[in-house]
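Chemist: My structure is below; once you've seen it, I'll send some questions.
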Amino acid sequence: MVDQKKFNERINDLVEEAEEKPVRRAKKEKPNLKESIYSFQPHQLEDWLKENGEKPFRAAQIFDWLYNKRVKTFEEMSNLSKGLRDKLAANFALSTLSTIIKQESKDGTIKFLFQLQDGYSIETVLMRHEYGNSVCVTTQVGCRIGCTFCASTLGGLKRHLLAGEIVEQVVKVQQTLDEVNERVSHIVIMGIGEPFDNYDAMMNFLKVINHEKGLNIGARHITVSTSGIVPKIYQFADEQLQINFAVSLHAPNQEARQKLMPIARAYKLDELMEAVRYYTKKTGRRVSFEYGLMSGENDSVEIAEELSALIKGIKCHVNLIPVNYVPERDYVRTSRSQIFAFEKTLKKNGINVTIRREQGSDIAAACGQLRAQERSEETR
């Protein structure tokens, strides 16, 4: 098991060294919030009902109201007694997120900025594809990993999200899709924050949305990404889930990676690759390497050759991502011609590779951008 306290201290120290400024630490205590009803797995809700003098079969009825009928008040749960509805309302929140901004791109992408009960804001993105509707969820308010090209780390980490706050992002998006008779078919845990830094809440979220009585989203339609918290990769591999797994790599050698990603100082590239090999061997599943291309930093043909050598023999796929412009960062997006040259080199070396389709650029849909814009406007 990971010593979370030591890990927190280690990453905070490394990010402070890399950024030369203090990192805002997450609150150690849980915020004083009303617990979301969406935090429960069915058996957990059954236990709560029994402890409060109610029949456990009511859990299935409550789940039906939450995930099939998608009610917005406890009063709408008409097959429950008034007494039970009152108990639920007294103990839980049915809505912990309120919509601050909802923007729709010309390509159909919808970006949501939600406000939490304690006033913090988070982002969620609905992306439309030929194969269905994908939701990118956030797992933390801010991020402390400190990647030097990312908008999510601006302002540091405020707190971890609770499982119900992550689930409710998907529910809110589904309520929007209900208006056009569509459904959420895919989930990517690639929004603001490091999912493996909020591991328990992430796992609870996965079990709720994957459950047949929950949102019933198939495991193979869910992808979780990490910046490279090595001990958690081993733990995730041992879970033996059918969920897709991605690693934010962004560089093929230790020196370049730790410049872009301070976490590489805590967990060296060779340690990360060893953990990835363990994952593929343990699960039999491939890993996706997320690779953000930045002009003059990590996009040369020579670096593509180095990347090919690094991952050769691993059951994997490379997802090339042209980085988005972030005003507070100095990196420049790689040219289209260089992106294609990089892709061609990987393919020549037998690497399975795709270029991520850009979506929602006209509404700041990249991770952390809308939240950063809102924070900037608030401080003017």
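Each residue, glycine too, has its Cβ placed from N, Cα and C.
Sharing the record's features from Swiss-Prot:
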type	residues	note
ACT_SITE	Glu123	active site, proton acceptor
DOMAIN	129-362	domain 'Radical SAM core'
DISULFID	Cys136-Cys367	disulfide bond
BINDING	Cys143, Cys147, Cys150	[4Fe-4S] cluster binding site
BINDING	Gly193, Glu194, Ser225, Ser248, Leu249, His250, Asn324	S-adenosyl-L-methionine binding site
ACT_SITE	Cys367	active site, S-methylcysteine intermediate
Chemist: Counting across all protein chains shown, how many other Cβ atoms sit within 10 Å of the Cβ of Cys136 (disulfide bond)?
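Modeler: Cys136 (disulfide bond) is surrounded by 27 other Cβ atoms within 10 Å.
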Chemist: Just counting, how many other CB atoms are there within 10 A of the CB of Cys147 ([4Fe-4S] cluster binding site)?
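Modeler: Neighbour count, Cβ to Cβ under the 10 Å cut-off: 22.
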Chemist: Determine the most Cβ-crowded residue among the binding-site residues Ser225, Ser248, Asn324, using a 10 Å radius around each Cβ and all protein chains in the structure.
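Modeler: Answer by Cβ density within 10 Å: Ser248.
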Chemist: Need the DSSP three-state call for Gly193 (S-adenosyl-L-methionine binding site) to compare against my parser.
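Modeler: Where Gly193 (S-adenosyl-L-methionine binding site) sits, the three-state DSSP reduction gives coil.
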Chemist: Need this for a regression test: binding-site residues Cys143, Cys147, Cys150, filtered to those with Cα within 10 Å of Glu194 (S-adenosyl-L-methionine binding site). What's left?
Modeler: Cys143
Chemist: Give me the count of other Cβ atoms within 10 A of the Cβ belonging to Gly193 (S-adenosyl-L-methionine binding site).
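Modeler: Looking across every protein chain shown, the total is 30.
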Chemist: In three-state terms from DSSP, label Cys136 (disulfide bond) for me.
Modeler: strand
Chemist: How big is the gap, in Å, between the Cα of the residue listed as 'active site, proton acceptor' and that of Cys136 (disulfide bond), rounded to a whole number?
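Modeler: Roughly 9 Å, rounded to the nearest whole number.
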Chemist: I need the CA-to-CA distance for Cys150 ([4Fe-4S] cluster binding site) versus Asn324 (S-adenosyl-L-methionine binding site), whole Å please.
Modeler: 9
Chemist: Under DSSP, is Ser225 (S-adenosyl-L-methionine binding site) part of a helix or a strand, or is it coil?
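Modeler: DSSP assigns Ser225 (S-adenosyl-L-methionine binding site) to strand.
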